[in-house]
Ligand SMILES: Nc1ncnc2c1ncn2[C@@H]1O[C@H](COP(=O)(O)OP(=O)(O)OP(=O)(O)O)[C@@H](O)[C@H]1O
Ligand SMILES: C[C@H](N)[C@H](N)CCCCCC(=O)O
Ligand SMILES: [Mg+2]
């Protein structure tokens, strides 16, 4: 049973947090966002606490909380903080842990280290979130290639958006990575609609079935 899963994506703002909230709820697990950049709006951890249906203690505290909604390396510099890879060791929790990065895989944490370098150190299995809309084939295949080049274990792709079957199958064929499911755009987006969409769209044993 996979206990610790990294959720990354092809870009910022594509729905990783909403998917992570749904997944943490589906697996009755925990959620951890190690680096949060942007504190004026609702943070990712707050969104997950609101949407996942999990008790408050299942959302673990961030290690770095940076004020500006920018790439973490820049946000940290503005706050006068240095993000240290050594501080990002994965917490032990008594259940499945969903770990969310920030933005896409190449996003820098400082002038030397990107998220993908931390993922390579962790060697935890990764779910890649990808939009279904035009432009996603390029972003998704590049992300898969970068993850593979570092021998990072891959679980599969979680598509987000309306079904575009041809695009999705093209990504699966070229990427050689399975489609785990699809989370549609939800309106309204509530804890209840998210839970129902996750149950309808994803098989938890396919996701958490092997480590
Ligand atoms: N399935 C969905 N249905 C409805 N709205 C969604 C869905 N997924 C994402 N959104 C909305 O899109 C916006 C961006 O989503 P989200 O915060 O999950 O992106 P992200 O990939 O986690 O971004 P970041 O890189 O900042 O962590 C939010 O306003 C969110 O509510
Ligand atoms: C602020 C934003 N919501 C994310 N937390 C960080 C996204 C970083 C993206 C950097 C980039 O790829 O240009
Ligand atoms: Mg997010």
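Backbone N, Cα and C define each Cβ position, glycine as well.
Keep in mind the model is a prediction, meaning the values are calculated, not measured.
Sequence annotations record features per position, and here TrEMBL assigns ATP binding site to 13, 14, 15, 16, 17, 18, 44, 100, 101, 102, 103, 184, 185, 186. Taken from TrEMBL, the feature Mg(2+) binding site covers 17, 44, 100. Per TrEMBL, the feature active site maps to 33. Positions annotated as substrate binding site by TrEMBL: 37.
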For residue 15 (ATP binding site), the spatially nearest of the recorded positions 33, 37, 100, using Cα atoms, is 100
Note on Mg(2+): the CB centroid of 17, 44, 100 has further same-chain residues inside 8 Å, namely 7, 16, 20, 21, 31, 33, 45, 47, 48, 102
For residue 13 (ATP binding site), the number of neighbouring Cβ atoms whose distance to its own Cβ is within 10 Å equals 9
All chains considered, the count of other Cβ atoms within 10 Å of the Cβ of residue 100 (Mg(2+) binding site) is 26
Mapped onto three states, the DSSP assignment of residue 17 (ATP binding site) reads helix
Those recorded positions among 15, 17, 33, 44, 101, 185 lining ligand 2, judged by a Cβ under 6 Å from any of its atoms, are none
Closest by Cα to residue 33 (active site), out of the binding-site residues 13, 100, 185, is 100
Cα nearest the residue listed as 'substrate binding site' among binding-site residues (100, 103, 185) -> 103
Quick note, residue 44 (ATP binding site): same-chain residues at least 6 apart with CB under 8 Å of its CB -> 17, 20, 33, 36, 100
Close to ligand 3, in the sense of Cβ under 6 Å, among 33, 37, 185 as recorded positions, are none
